[in-house]
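The following features are taken from Swiss-Prot:
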BINDING   R20, E79, K119, K445  (6S)-5-formyl-5,6,7,8-tetrahydrofolate binding site
BINDING   N225, S244, I246, T249  K(+) binding site
BINDING   225-230, 244-250, 269-272  GTP binding site
BINDING   S229, T250  Mg(2+) binding site
DOMAIN    215-371  domain 'TrmE-type G'
Amino acid sequence: METIFAQSSAFGKAGVAVFRISGPKSLEVLQLLTGRKDFKSRLMYYQQITVPETKELIDNVMVVYFKSPGSFTGEDVVEIHTHGSKAISIILTNALLNIAGIRLAEAGEFTKRAFLNNKFDLTAAEGIADLINAETIMQHKQAIRQANGKLEELYNNWRSQLLKIISLLEAYIDFPDEDIPDTVLNEVTNTHTILVNTISEYLNDNRKGELLRSGLKLAIIGPPNVGKSSLLNFLMQRDIAIVSNIAGTTRDIIEGHLDIGGYPIILQDTAGIGEESSDIIEQEGIKRAINSAKTADIKIIMFDAEKLDSSINEDIINLIDENTITIINKIDLIEASKIFSIENKYKCLRVSVKNNIALSSILKNIENIAENMAGFTETPYITNQRHRNYLQQALSHLTAFSLDNDLVLATEDIRMTARCIGAIMGVINVEEILGEIFKNFCIGK
């Protein structure tokens, strides 16, 4: 196995930069950089490092050596903590590249080696990637649970039950003339039924884990000049949309990313949906607005308190569902009695975006819907499509199983189910999917 290295911290100015080296030559490389031979595993040393050929001083650093297998990758590993200087990073990188037998790591290669050395399964490796990319508290909770083996524990439990069924059935394949005892038949049938129901229910999760991982899309919908862009700017706490009293100012979809209650929200401000426009660009904006609303996880539909009759049109009303927040904006400009019937009919919140009236209620409603759509349960969620695909295949094989069929074929259905579950964790030969998973890691991880 080659020795690899990379800067694990972000490149640029910082208090500290961390370089990681993994492989059989790790300790030798550290000795070349420091001129010291007596490093002990798991002790931090304050050292000077130099360019091996010229002995030019690179930096005063902290170094630590982890002897195999007691390291992240399971190999000999060295970490070098330098000052976070671009110049130091460049000089040290060049010095390492000039040492024979060491090369720059590929994206995700350290984690890939850890997986190949049985430090964790594939679901945990994916959890580490999600942990690095997590931007909100809820994304962190989901990722840390997966990185710490909760998904592996769940899938391992299912796989163990499947292997138990296989072992019970295979004992009778070589003796076709013998009847399978009722106790064995009952155990196989009961376990099979429980697994079918459990995996079916698990797949019927409304993609909560994937929503939390990628972010919930929230579309702000309404007629022209109702205050959608002003609401977007309030939610983002900065101006990212042009605010104007001219109808049709927003002609395309404007996006912003937000953390509400720990949930990742992707905000979309859309073009106003109103009367038929003769402007081709505006027509396209309206078409995109309706499509955006139809694919959004959460919708905010805004009505104009001064123009309720024109605000409420069929295109907008048809978009209302259980995950829609309806609001009447500009309530400061009209008497409350004039909006009472509409407020009750569509369960609207009364707000004024311009004067910051009741806007906290919008945030609370967004958080409540997000929690309902992607809130936590005791059972860890499916977090990406790869898992879902294998689980659907597993369920297909599992439902095809029948003891009325040939025993060999019935056992093969269970074996294929176990293989699909195993593929999620990487306990079978999955070389073809490793590249796809680890290419999404950053260099140095």
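First residue shown is number 1, and so on along the chain.
Cβ from N, Cα, C; glycine included.
A271 (GTP binding site) is 9 Å away from N225 (K(+) binding site) when you measure Cα to Cα.
In the predicted model, residues of the domain 'TrmE-type G' (215-371) average a pLDDT of 81. Cβ contacts within 10 Å of R20 ((6S)-5-formyl-5,6,7,8-tetrahydrofolate binding site), excluding its own Cβ and spanning all protein chains shown: 22.
Cβ contacts within 10 Å of N225 (K(+) binding site), excluding its own Cβ and spanning all protein chains shown: 19.
Annotation note: K228 (GTP binding site) sits in a helical segment as assigned by DSSP.
Within 10 Å of the C-beta atom of A271 (GTP binding site) sit 27 other C-beta atoms, taking all shown protein chains into account. Summarising the environment of S229 (Mg(2+) binding site), the number of other Cβ atoms within 10 Å of its Cβ, over all protein chains shown, is 23. Packing around K228 (GTP binding site) is summarised by its Cβ count: 30 other Cβ atoms lie within 10 angstroms of its Cβ, all protein chains included. In this structure the C-alpha atoms belonging to S229 (Mg(2+) binding site) and A271 (GTP binding site) are separated by 9 Å.
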